[in-house]
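According to TrEMBL, the compositional bias 'Basic and acidic residues' annotation covers 80-104. The disulfide bond annotation in TrEMBL covers Cys106-Cys149. Annotated domain 'Sushi' per TrEMBL: 1-63, 104-167, in sequence order. Taken from TrEMBL, the feature region 'Disordered' applies to 80-105.
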Amino acid sequence: GICPRLPATEFADVTAEMYPPQTKLYYKCDPGYDRKAGAYLGIQCKSEQQGAVWKYKQFKCIDEKNLSSTAPTRELELIQKPEREARSLAPQKQEDISESKQKDFCGPPKTIPHASIRLPQQHYVGQVLHFKCQTGYDKRHPTFGSRTCKEVNGKIIWTPLDMRCTNDS
């Protein structure tokens, strides 16, 4: 199921380590770089027999100065391997709940040179988001927490966040 809109959390950075299937993420080229013509910025987490995996399209951020030139671009994809790919390929023991649960989620997407990733606009049940107060707004404990999107009695909700980022002492 699709989660409701995420309540705004002021002065906090949000990250995620695992993404449920269906999740779509988009890369964004860093300033001074642009995507290669026709390259699709999006990736999607898909559920497959061996577990959840990211489906990538060929995507590359190129220095804007080189966009107009006809010089061949260096192939950067060869050295970019997902750091945590090995974990999903390891044989799974069915009795270990946490391991089999991780199989159903995509880990962090692979890094692409000169690109960053945006958090999804739409979240799905099972998504866990981690919040951490930005520097200067972390005067009151706790300064970090998490919210989970889950289904409770047929209703999809975000769990409450037990932190508030403020710069008062």
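Glycine residues also receive a Cβ, built from the backbone N, Cα and C atoms like all the rest.
A TrEMBL annotation is a machine prediction, not a hand-curated record.
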Across the domain 'Sushi' (1-63), what are the DSSP residue counts per state (helix, strand, coil)?
0 helix, 30 strand, 33 coil
Determine the mean pLDDT over the domain 'Sushi' (104-167), rounding to the nearest whole number.
93
DSSP-derived helix, strand and coil totals, residue by residue, for the domain 'Sushi' (104-167):
0 helix, 27 strand, 37 coil
